[in-house]
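Take a look at the structure set out below.
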Amino acid sequence: LCLNSHCHPCLQPSCFGYPISIFFIVINEFCERFSYYGMRAVLVLYFKYFLHWDDNLSTAIYHTFVALCYLTPILGALIADSWLGKFKTIVSLSIVYTIGQAVMAISSINDLTDSNQDGTPDHIAVHVALSVVGLILIALGTGGIKPCVSAFGGDQFNDDQEKQRTRFFSIFYLSINAGSLISTIVTPILRGQECGIHSKQRCYPLAFGVPAALMAVSLIVFIIGSGMYKKVQPQGNIMVQVSKCIGFAIKNRFRHRSKEFPKREHWLDWASEKYDKRLIAQTKMVLKVLFLYIPLPMFWALFDQQGSRWTLQATTMDGNFGAIQIQPDQMQTVNPILIIVMVPVVDAVIYPLIKKCGINFTPLRKIAVGMFLASLAFVAAALVQVQIDKTLPVFPAAGQTEIKVINLGSANAAVQFQPGLKNVTVEPHEASDYMIFKTSELNSVSVMFGNQTANPEMDLLDGKRQTLAVKNVGTTIVAEWLHDNITSKPEEGNNLIRFLNNMDQPVNVSMAGTHFGFLPSLSASNYEAFSRGSKKITGNTASLSCEVSSKTFGFGSAYTVVINGCSGNVLNTTYVEDIPPNTVHMAWQIPQYFILTCAEVVFSVTGLEFSYSQAPSNMKSVLQAGWLLTVAVGNIIVLIVAGASKLSEQWAEYVLFAALLLVVCFIFSVMAYFYTYIDPNEIEAQLDEDEKKQAKKDKDPEKEVEAVSRM
């Protein structure tokens with residue numbers, strides 16, 4: 001039944017016993033989480049492929065942003081509780097948030113500074129500046145409203161609606177997971193599209209624009225419900241009181257550091273001159289829990305690398321799942337999907353089984369197990385990385401040159417690299433592997449077809465790859481040096497394709513709508529990027545027009561396609577593999593995601609539950625702030641460790657993080673062993689009793705004075 005406030009002025013508008021206002025709040029939260037996680041899902045690839053930052057800088061800026069998102073909730077809570085109130089704080093910071101998302105979408109528009117229309121921004125600094133401004137505004141917005149929205153939802157219920165309030169929080173957290181899951185699937189698909197005014201690029205403006213639109217919807221929906229909300233006036237922030245109490249205790253203890261002053265049972269007791277017994281006792285309970293938080297950031301240092309290092313790892317893997325092509329940033333969806341499955345399974349099956357085995361699986365033991373599992377997940381990631389590294393091409397360093405020989409002739413070609421460095425024999429229409437030489441030692445090259453010999457002029461570039469194309473034409477040998485101009489694996493799982501004309505006349509080549517132009521005989525085009533799959537190749541000469549379907553390209557390969565001739569309007573082509581495709585399948589990331597999700601279930605859920613059970617009810621906001629702070633510090637740890645380690649191998653960095661978390665897990669286990677569980681309700685009941693006794697004592701002397709005055 002829905003009740004209208006006009007008919008019942010003492011009631012809020014409600015539906016089935018729930019205030020109608022909470023439906024606006026749930027929709028608001030879904031849209032906001034879609035906006036945040038959608039933007040964050042593609043962020044590290046935007047840094048790498050659009051702003052052209054390397055892996056380390058992309059990772060560093062990503063984790064700086066996430067850290068900022070988890071530092072600003074403290075600011076949001078202070079503004080809401082001490083100044084504006086929750087409603088005005090949510091509205092004002094949501095406006096900031098929406099502007100930030102819009103700025104990010106604008107920053108990713110390639111044509112914004114592409115005045116020469118070559119497909120590359122002319123002033124990348126403009127895009128970087130806009131991106132930084134956008135990310136700061138988003139961090140202020142998302143972090144600022146984080147502690148307010150759920151609490152504002154809780155404010156909508158009356159004291160007699162405890163059951164409805166509990167269900168609301170379940171629906172609220174379901175909306176968070178739904179927004180996260182759907183956006184992490186959708187935005188990578190949007191990013192994978194091609195868009196642009198002058199040139200077609202990966203569609204980052206759409207990938208950032210849709211989250212910006214959802215954030216605007218979130219704000220509008222929240223404002224529409226304004227007249228129905230119960231708005232509690234700001235009543236001061238408990239964090240401020242706790243901070244002042246701690247500060248005064250430290251200051252007072254320092255003032256009375258002389259031995260003539262007797263020691264007190266606890267250092268916080270030095271605040272008793274100014275603050276009441278209850279606040280001091282509550283602060284002691286909170287500090288006891290916060291002390292246990294000290295090792296926790298290391299867990300988040302590993303956990304949040306799903307969006308950075310693990311996503312970058314996926315870019316070097318094969319995303320072909322049959323009919324579905326998975327984008328590297330879509331692998332992050334494994335986590336929310338598994339969370340939805342694992343939370344009920346762990347609660348309903350795993351924990352009861354452990355209990356039946358007679359094991360006392362305390363909350364602190366669960367947290368320690370979560371740390372161990374996260375460490376194990378990074379060992380799994382390291383093993384996957386070792387397999388990936390085996391498939392990665394080796395590029396020449398400074399002082400080296402790398403050479404491949406392609407035989408375009410009709411007989412075996414014997415090639416000697418002088419003086420006596422290497423001899424290779426290449427069969428017709430085949431190619432050798434790349435060979436690395438010291439540039440200073442390689443003086444000349446000899447090419448032999450049977451009794452014929454040629455010494456092509458050297459044309460080497462230091463630190464680069466070259467291809468030597470050789471061919472016997474009648475009694476002469478033709479040799480051409482081709483500069484490969486590839487210095488890394490193709491980006492975003494694309495394939496780099498170039499064409500080499502082995503016909504005796506020029507040919508105009510195009511593939512899948514990309515024109516490579518006229519290629520003279522024995523010349524090669526530049527490489528162009530193509531997505532996976534088979535493409536239509538067209539070759540036109542002065543007298544012939546031919547076409548053929550290419551081989552099916554995978555992910556991350558590079559090929560030289562040799563055009564040998566045209567027969568019956570069908571192009572005769574052969575393929576030379578310059579860089580092998582990604583062969584390690586993305587499915588190999590699922591075990592590490594599964595282990596890390598199990599770690600999250602036993603660590604994160606238990607951590608908050610334990611914190612709330614060990615602190616008084618009015619101090620939960622302090623613990624929430626402390627918990628979010630551990631996430632922020634964890635992301636800062638990634639910056640410090642990744643920056644200080646200077647490890648050249650990615651697998652070694654994974655092992656380093658796993659080892660660090662194992663050490664921290666051991667330290668936490670020792671701390672947990674000496675921890676004594678408390679019941680805050682018992683302590684508060686004792687405080688109530690003490691206060692009553694004190695009030696009675698204060699009252700009794702007044703009665704005595706009154707009796708004396710009557711005598």
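Even glycines carry a Cβ here, placed using N, Cα and C.
Within the chain, the transmembrane segment (60-78) has long-range Cβ neighbours (under 8 A, six or more residues past its boundaries) at 36, 40, 43-44, 47, 53, 89, 93, 135-136, 138-140, 142-148, 237, 239-240, 304, 307-308, 621, 624-625, 628-629, 631-633, 635-636, 638-639, 642-643. Taken from TrEMBL, the feature transmembrane segment applies to 60-78 (among others).
Taken from TrEMBL, the feature transmembrane segment applies to 90-109 (among others).
Look at TrEMBL and you will find 124-145 (among others) tagged as transmembrane segment. Sequence-distant contacts of the transmembrane segment (124-145) (same chain, at least 6 residues past either end, Cβ-Cβ under 8 Å): 32, 36, 39, 46, 50-52, 65, 68-73, 75-76, 79, 89-90, 93-94, 96-104, 106-108, 112-113.
Long-range neighbours of the transmembrane segment (166-186) within the same chain, counting only residues 6 or more positions beyond its ends whose Cβ lies under 8 Å from a Cβ of the stretch, are 18, 22, 25-27, 29-35, 37-38, 41, 150, 153-154, 156-157, 210-211, 214, 329-330, 332-333, 336-337, 339-340. If you look up TrEMBL, you'll see 166-186 (among others) marked as transmembrane segment.
Below 8 angstroms of C-beta separation, residues 5, 12-13, 19-21, 23-25, 27-32, 34-36, 38-39, 42, 46, 87, 90-91, 94-95, 97-98, 101-102, 104-105, 107-108, 152, 156, 183, 186-188, 190-191, 193, 195 of the same chain, each at least six residues beyond the ends of the transmembrane segment (206-229), sit close to that stretch. Under the heading transmembrane segment, TrEMBL lists 206-229 (among others).
If you look up TrEMBL, you'll see 285-303 (among others) marked as transmembrane segment. Taking Cβ pairs closer than 8 Å, the transmembrane segment (285-303) reaches residues 242, 246, 268, 364, 367, 370-371, 374-375, 377-378, 596, 599-600, 603, 607, 610-611, 614-616, 619, 622-623, 626-627, 629-638, 641, 657-658, 660-661, 664-665, 667-668, 671-672, 675, 678, 680, 683 in its own chain, all 6 or more past its ends.
Annotated transmembrane segment per TrEMBL: 337-354 (among others), in sequence order. Here the transmembrane segment (337-354) has Cβ contacts under 8 Å with residues 177, 181, 361, 593-594, 597-598, 600-602, 605 of the same chain, all six or more residues outside its ends.
Annotation source TrEMBL lists transmembrane segment at 366-386 (among others).
Using a Cβ-Cβ cut-off under 8 Å and counting only residues 6 or more beyond its ends in the same chain, the transmembrane segment (590-610) has close neighbours at 289, 296, 299, 302-303, 306, 310, 331, 334-335, 338-339, 342-343, 346, 363-364, 366-367, 369-374, 376-378, 380-381, 384, 627. Residues annotated as transmembrane segment in TrEMBL: 590-610 (among others).
Nonlocal intrachain contacts for the transmembrane segment (622-642), taken as residues 6+ away from its ends with a CB within less than 8 angstroms of a stretch CB, comprise 56, 59-60, 63-64, 66-71, 73-74, 77, 146-147, 238-239, 242, 286, 289-290, 293, 296-305, 308, 607-608, 611-612, 615, 653, 656-657, 660. For 622-642 (among others), the entry in TrEMBL reads transmembrane segment.
The feature transmembrane segment is assigned by TrEMBL to 654-675 (among others).
Feature annotation from TrEMBL assigns region 'Disordered' to 689-711.
Per TrEMBL, the feature compositional bias 'Basic and acidic residues' maps to 690-711.
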